[in-house]
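Peer 1: First, the structure itself, so that you have it in front of you.
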Amino acid sequence: MHQYSEILDVYAREILDSRGNPTVEVEVLTEDGTVGRASVPSGASTGQYEAVELRDGGERYGGKGVQNAVEHVNTILADCIIGENIYQQAEIDRKLIRADGSENKSRLGANAILGVSMAVAHAAAKSLEIPLFRYLGGSQALRLPVPMFNVINGGCHTRSALDFQEFMLMPVQAESFSEGLRMAVEIYHQLRKLLDEAGLSVAVGDEGGFAPDLSGAEEAFDYLNRAVKAAGYVPGEEIRFAMDAAASELWDETRGAYYFPGESRMKGKEILRDTEEMIRYYQTLSEGFALWSIEDGLDENDWEGWGHLSAALGKNLQLVGDDLFVTNAKRLKKGIRLGAANAVLVKVNQIGTLTEAFETMELAGKNGYRFVVSHRSGETEDTTIADIAVASGAGQIKTGAPCRGERTAKYNRLLRIEDFLGGMAKYGVDNLSFLC
Ligand SMILES: O=C(O)[C@@H](CO)OP(=O)(O)O
Ligand SMILES: [Mg+2]
């Protein structure tokens, strides 16, 4: 039977994100009376090659970027897809891309386009009365992801002295998602206690992790080690560590090196590292701690360095390209050709449509690259990424710490999905020791 339900209306409004900035929310109405709704996240450590969102404060629209994105949904994009069949996600996404016409979605705004793309998927799933993850992933979508639980925040998500952006827990050896989540939450509470006892700040950063003034990555991992043990687990067994260096933020063109402003401040002298020193630094960290995954270890333009990094550490570590690949199949293809990284971070707003994000994941999977579905540092209560993680079978999701509503919304959605799947639910990263 040919499924058909026509799109009758598309409507966008401004809402707030978790940093108190305006963002886009879109609703799509179909002829059977279904309304699908989605809202769009926004990053702080954005990659240079991301699709372009129209943000307030941007020069392009005289500081009224989000308002313009909303306007584009309500006029051009609405005209373009009203009358389309709601179940034709790929076709609709292609129409949206064509309506924009630019290479990087800068004309109508990646935030405008993504809002429509996601709301269409929500409406389609709802009108079929099936959960979004099943609509997007079919009956094989059974795998719940291991959370990359970002418990210590640094870099541009805080004002602390820590230069690397994220220090994360991965409960890799749990029976189920809910058990893994519980373990990570227990460790989070132990970490809070340890930091508090040491007189360090337990204020949190943009993603809900603590933002203490630590001297560097070693001290951060040391705290993670102690918190894991205090919760009764063994680092390297039930729990592995992950980090996002967000090194594009540290690369200093004029100095021709990676500049560590926090560490420089703490040590009272300028701390610089070149590419080879960065690689050695990661090597030391991976030898000293239960580190399993490093994201954006080097700058987004340093393809050659990424080749070295991958050759040196890619056998034992997951090396994730975020700013490097920006969820873009073209950049990922280049990375695959050059042997850069062995995994890709997937942020739907970096590319601007669901179809393109799924294409990137498919390309990764076919080439032995892992993929990690991710939030942005500026989020809303939208939980689409939780469904995407299950639909794609990614096995990993990065969506912050458990103490901010926009982050727990995703974890809670995953708990509901696990509950829905019951005994069919699977959990975890397939074959932990395999890295290409
Ligand atoms: O770098 C990252 O991976 C993200 C999300 O954690 O941060 P932002 O959304 O600020 O780019
Ligand atoms: Mg990142």
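Cβ atoms are placed via backbone N, Cα and C, with glycine included.
Heads up, TrEMBL stuff is auto-annotated, nobody curated it.
From a predicted model like this one, the values you see are computed outputs, not experimental measurements.
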Peer 1: In TrEMBL, ASP244, ASP322 are given as binding Mg(2+), so which of GLU218, GLU276, GLU295 is in that site too?
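Peer 2: Answer, per TrEMBL (Mg(2+) site with ASP244, ASP322), from GLU218, GLU276, GLU295: GLU295.
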Peer 1: Return the single residue from the binding-site residues list (HIS157, LYS347, ARG376, LYS398) that has the minimum number of other CB atoms within 10 Å.
Peer 2: LYS347
Peer 1: Spatially, and counting Cα to Cα, which of the binding-site residues is closest to SER377 ((2R)-2-phosphoglycerate binding site)? Options: HIS157, ASP244, GLU295, LYS398.
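Peer 2: Result for SER377 ((2R)-2-phosphoglycerate binding site): the nearest of the binding-site residues is HIS157.
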Peer 1: Should any of the binding-site residues ASP244, ASP322, LYS347 have a Cα within 10 Å of the Cα of HIS157 (substrate binding site), which are they?
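Peer 2: Checking each Cα against HIS157 (substrate binding site), there are no hits.
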Peer 1: May I ask which of the binding-site residues HIS157, LYS347, SER377, LYS398 have a CB within less than 6 Å of any atom of ligand 2, listed in sequence order?
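Peer 2: None, as no Cβ falls under 6 Å.
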Peer 1: Among HIS157, GLU166, GLU295, ASP322, SER374, HIS375, ARG376, SER377, LYS398, listed as contacts of substrate, what is the widest Cα spread in Å, to the nearest whole number?
Peer 2: 16
Peer 1: Validating a neighbour-count step here. Other CB atoms within 10 A of the CB of GLN165 ((2R)-2-phosphoglycerate binding site): how many?
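Peer 2: Taking all protein chains shown, GLN165 ((2R)-2-phosphoglycerate binding site) has 30 Cβ neighbours within 10 Å.
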Peer 1: Rounded to an integer, what is the Cα-Cα distance in Å between ASP322 (Mg(2+) binding site) and ARG376 (substrate binding site)?
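Peer 2: Taking the Cα atoms only, ASP322 (Mg(2+) binding site) lies 11 Å from ARG376 (substrate binding site).
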